[in-house]
Amino acid sequence: MAPKAKIVLVGSGMIGGVMATLIVQKNLGDVVMFDIVKNMPHGKALDTSHTNVMAYSNCKVSGSNTYDDLKDADVVIVTAGFTKAPGKSDKEWNRDDLLPLNNKIMIEIGGHIKNNCPNAFIIVVTNPVDVMVQLLHQHSGVPKNKIVGLGGVLDTSRLKYYISQKLNVCPRDVNAHIVGAHGNKMVLLKRYITVGGIPLQEFINNKKITDQELDAIFDRTINTALEIVNLHASPYVAPAAAIIEMAESYIRDLRKVLICSTLLEGQYGHKDIFAGTPLVIGGNGVEQVIELQLNADEKKKFDEAVAETSRMKALI
């Protein structure tokens, strides 16, 4: 990697805007904000570049409407894609409708990555992410350790926050794992939740939280995106922060353990499919895939999550 990382945001919408700001605040590298909307990324880049002063940073932020600016990127973050089916009302479409539309975008982006930055570390955000990350992996030809999908970092941040609020503790003191898939099939692992290193079961035993309250928190975690949308907003700040945590671990070789969608090669009994599991992300990309020991019920839910990803992939 060059002394200063080149980070290209493919998609400069709401998530892209927050990501660019966080990159400057952390002084992670130079940013290219790419989008197909003419001039828009240039305006956002100009605005964001001014925050260098307040952040005591020195990051170049530029806008682009051409894929040529992917050239020699160190990190590529892909948020581009449809979030709903065009021409259909909210009641007329479902996530399956996005598959052919976003697959075309992955084909296009993958070709440009292959030609311009085949050694970059790729983070895929486009939904359904566990399918799209596999498609972009195929279309770009990047090594399996150089591409991951957003999922568990965001999902667990929500779960950790809700638990911390119930127990009145610092959110960072809650540790939790969500594996399998990003979406309704995510697998929340109650057995692995700790608070300050103490198993959550101790807090249940001491009546600080009940199983029913925990189940409600699980349900809220799964449905958080819908909750935000129903409040006439859009989830983009926390997703952006989760993505930048992943990128920073790669750029700065932090070797953080982060839950992301990665290519399974026998873990959990599955091969040639992307799914969420803890990873060590460092300067070489995915440096270790951590397979958690699941009980029968957890394994059944994990298998169902993978089956849903396989079903969607088969529709393309």
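Just so you know, glycine gets a Cβ as well, placed from its N, Cα and C.
The active site, proton acceptor feature in Swiss-Prot is assigned to HIS182. Per Swiss-Prot, the feature NAD(+) binding site maps to 13-15, 34-36, TYR67, 79-83, 125-127, LEU150, LEU154, HIS182. Look at Swiss-Prot and you will find ARG95, ARG158, HIS182 tagged as substrate binding site.
For the recorded positions listed here (ARG95, HIS182), the lowest count of other CB atoms within 10 A around the CB belongs to ARG95.
When the Cα atoms are compared, LEU150 (NAD(+) binding site) and ARG95 (substrate binding site) turn out to be 17 Å apart.
Across the structure, ARG95 (substrate binding site) and GLY13 (NAD(+) binding site) are spaced 20 Å apart at their Cα atoms. All protein chains included, PHE34 (NAD(+) binding site) registers 27 other Cβ atoms within 10 Å of its own Cβ. Neighbour list (VAL125 (NAD(+) binding site), Cβ cut-off 8 Å, at least 6 residues apart, same chain): GLY11, ILE15, ILE77, VAL78, THR79, GLY149, LEU150, PRO239, ILE243. Shown are the binding-site residues GLY13, GLY81; the one with the most C-beta atoms within 10 angstroms of its own C-beta is GLY81. When Cβ neighbours within 10 Å are tallied across all protein chains shown, the highest count among the binding-site residues TYR67, ARG158 belongs to ARG158. Around LEU150 (NAD(+) binding site), taking its Cβ as the centre, 29 other Cβ atoms fall within 10 Å, counting all chains.
In this structure the C-alpha atoms belonging to the residue listed as 'active site, proton acceptor' and ARG158 (substrate binding site) are separated by 13 Å. Largest CA to CA distance in the substrate binding set (ARG95, ARG158, HIS182): 22 Å, whole number.
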